Amino acid sequence: MRLIPLKNNPGWWAARYIAGKIKTFSPSAENPFVLGLPTGGTPISMYRELINLHRAGEVSFKHVVTFNMDEYVGLPEDHPQSYHYYMHENFFNHVDIPKENINLLDGNAPDPEKECEAYEQKIINHGGIQIFVGGVGTDGHIAFNEPASSLSSRTRIKTLTLETRMGNSRFFNNNMEEVPKYALTVGVGTLLDSKEVIILASGLNKALAVSYAVEHGVNHLWTVSALQLHRKGILVCDEDATMELKVKTLKYFKQIEVDNLQDPK
């Protein structure tokens, strides 16, 4: 597993890395680049930089197919806190990705189980995901794979923990009662099937999760630790998010990644 310890803005690094991978891949209509995408606060800077790169002519999303990580159950698609709304407002509306290339879970599907099974099959039909990007919760969850989730789990409906709902209440007028209790989410196994996984971590409140991801063993109570099992897992952090790491751990990764901090590769 790689750790990219930055001063700030892990989203900038991820955007540059992804753009480089897309260009190298040279996608076409017959062979698109398949990208897994997150929501939340930390990825906003990644989307802004991807939009900047697109406007500068450095990357196109015309032949990119996207799959999002998760969606709340019961929120209308046009609700300001639905992930459909988030993705279009923060990314899709600003780049050249065709509408038919966008895949998002339907949190209002009449049969959530069938919706999740179909989503998994659609990923398989596209040949799998090249890069899946995610964030991490304060309790170490990735996507909505809450603590004690199976590390081989697939896309499914999940009950959100009190901690997750409290953390997300900042997007719902700080009223936890407005935060949905359920969500559809890709599984840990779904993420691990991707050819590469990038996890973004920003802020002191993510520092404990980062330490469990890097310095502790694989543990289903900290689902981010499953990144250790991936052949091409990358954890991109700002300085605050590394505060719980041992000094020698941080020094080690700074030394081996010194050439990649400003030139993502």
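Each Cβ is built from the backbone N, Cα and C atoms, and glycine gets one as well.
Straight from Swiss-Prot, the features:
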- D70: active site, proton acceptor (ACT_SITE)
- D139: active site, for ring-opening step (ACT_SITE)
- H141: active site, proton acceptor (ACT_SITE)
- E146: active site, for ring-opening step (ACT_SITE)
- S149: site 'Part of the allosteric site' (SITE)
- R156: site 'Part of the allosteric site' (SITE)
- K158: site 'Part of the allosteric site' (SITE)
- T159: site 'Part of the allosteric site' (SITE)
- Y252: site 'Part of the allosteric site' (SITE)
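Known features from Swiss-Prot, placed on the structure.
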residue	record	Cβ contacts under 8 Å, 6 or more apart
D70	active site, proton acceptor	T39, Y83, L105, A143, F144, A183, L184, T185, V186
D139	active site, for ring-opening step	E146, P147, T161, E163, T164, A209, W222
H141	active site, proton acceptor	P147, S149, T161, T164, T223, V224
R156	site 'Part of the allosteric site'	E113, C116, L184, T185, G187
K158	site 'Part of the allosteric site'	F144, N145, E146, S149, Y182, A183, L184, T185
T159	site 'Part of the allosteric site'	E146, K181, Y182
Y252	site 'Part of the allosteric site'	none
Structural state of Y252 (site 'Part of the allosteric site'), classified by DSSP into three states: helix
Reduced DSSP assignment, K158 (site 'Part of the allosteric site'): strand
For E146 (active site, for ring-opening step), the number of other Cβ atoms found within 10 Å of its own Cβ: 21
Number of Cβ atoms other than its own within 10 Å, given for S149 (site 'Part of the allosteric site'): 22
